[in-house]
Amino acid sequence: MMRVSALLKWFFRLFLDFYCYIYRVLFYSSQKHRIPAIKNKILLSSAVEIADKVRTGEWKAVDVIEAHINRILEVNTLINAVVEIRKEAFRDAQRIDEMIAAQLSNSKGETVKDSILNLPLLGVPFTCKDSVGVEGMRLTCGIVRRKHVLATETAVVVSRLQTAGAILIGITNVPEYSFWWDTENKLYGRTNNPYDLSTIPGGSSGGEAAIISSCGSVFGVGTDIGGSIRLPAFFCGIFGHKVTPGIIPTRGIFPLPDKQRECFFSIGPLCRYASDLLPILKVMSRDYIEKLPKLGEIVDLSRIDVFYMEDDYDPNKTRVDIEIRGAMMEAIRYLENAFKIRCKRFFFHKMRDSVSIWVSVMKSISDTTMANSLAENDGVNHINIYWEFIKSLFGYSKHTTSMMFMALVDAFFSKDSELIERELQKMQELKQQFSYLLGKNGIFLYPTHPETAPTHGTTVFKASNVGFVSIFNVLNTPVTQCTLGIATNGMPIGLQIVSNEYNDHLTIAVANELEKAFGGWVAPCTIDLLNTKQVINI
């Protein structure tokens, strides 16, 4: 009977994937190579390189900010990633340039302890998603009713980055409530993937990934409770790190996760270069850095244990694409040959149930239903989620179809059902398995997603594929999404590097090594450094 059930699920999955393929053929044509060429070498620089050049006076912070805001204005009409530009960025840059000039002229080559020259992210432009508060700027989270809401305080993580010398230049788009794996809402519209405008950038940090990959921002602040850093980073060909939960304070985030959800919620960086992950993470985690005592230590990769799994073979999920599987196996062979280690294949059977495990955990810790939350934010006593779902299909709801789909899924699960109890038990057993297998020095390699970025409008039909990333939220593990280049269809591919809690240094070290071996980020456009200076006009 179980085999018949699995076979039926498999056929249904094939039908949905075929439907999505036909949908793309009928309603979407490829929109690749639409992003304007990169004409300024500043835009190709890492955070570390920019800080070094600004610190020595070789580059002016004002020029760095101007180059990136120009780039935002140039690409944003195509990708719709940035919802607000922070004009005060120029003032911040001018102040930094003045302080640097004064210190360089007076220090005679000496650097005092509290010198601005010691700031690790000096003059580096960054963005944050529209769920991370910045005082005086929009904080809508893609919700129509919050259209005119401004943040009353700046999130702790943003303040830390600014204190370290980084300059915030904009706020980026998110899905409604920041709760879907694509980025679209009724307030700002849809964000596009820079590699192919007809495909999704991922979510909920999709605006971040799209603008970073397009070189409009050097790095960004993302949040992750179900893959919201890793999926956009994967689809847009960059790096993203889901930090061990509890390391970076959540104050200033909307909606603020309650105490029960905080242990599954992470804030972390997205960036084009793996070499930027560590310095950014050190700044973000600041007061809690002692929880990551090995962060920054040199990792001897010849002494790590490497495990991997190519697919979970869940009939509800799309099979892992042959090129994604091939890229992962190539990475494994590289690690084996370069460091004389043996990578071991290990199959976690309970990973097949990743979606139901994640949904069950989220439901078990929720004090209210999504329908009640939607009604509260709409200013009404009750919302008919079935009627709103139908309205959303025809564009007559103030909510997106994906949001209403999630509300329907939430309504389907009873908090006290036997199914939830069973899935929670699986989660505990899987967590124990992971902890025992990886130990203090192990990593686990796993696909970030089974296919490259899907076409717009198909994510509801492929929602179960999110299980590849969401399972690690309920396991409380740190994860680094590592890009591995471009597939033959011109879209980015990559993998997840997972370790036990507080072993973030291991996943980042492996990501750095794989970036060196496979080239890392590949620009979604041509590069022409015979640049003509552009005029900024905000």
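The backbone N, Cα and C atoms fix where each Cβ goes, and this holds for glycine too.
Any TrEMBL annotation is an automated prediction that lacks curation.
Listed in TrEMBL:
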type     : residues : note
ACT_SITE : K129     : active site, charge relay system
ACT_SITE : S204     : active site, charge relay system
ACT_SITE : S228     : active site, acyl-ester intermediate
DOMAIN   : 63-507   : domain 'Amidase'
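Reduced to three states, the DSSP call for K129 (active site, charge relay system) is strand.
Around the Cβ of the residue listed as 'active site, acyl-ester intermediate', a 10 Å sphere holds 36 further Cβ atoms from the protein chains shown.
Counting Cβ atoms from all protein chains shown, S204 (active site, charge relay system) has 32 others lying within 10 Å of its own Cβ. Within the same chain, the residues at least 6 positions away from K129 (active site, charge relay system) whose Cβ sits under 8 Å from its Cβ are I171, T172, N173, V174, S178, S204, S205, G207, E208, G220, V221, G222, T223, listed in sequence order.
Confidence in the domain 'Amidase' (63-507), given as mean pLDDT, stands at 95.
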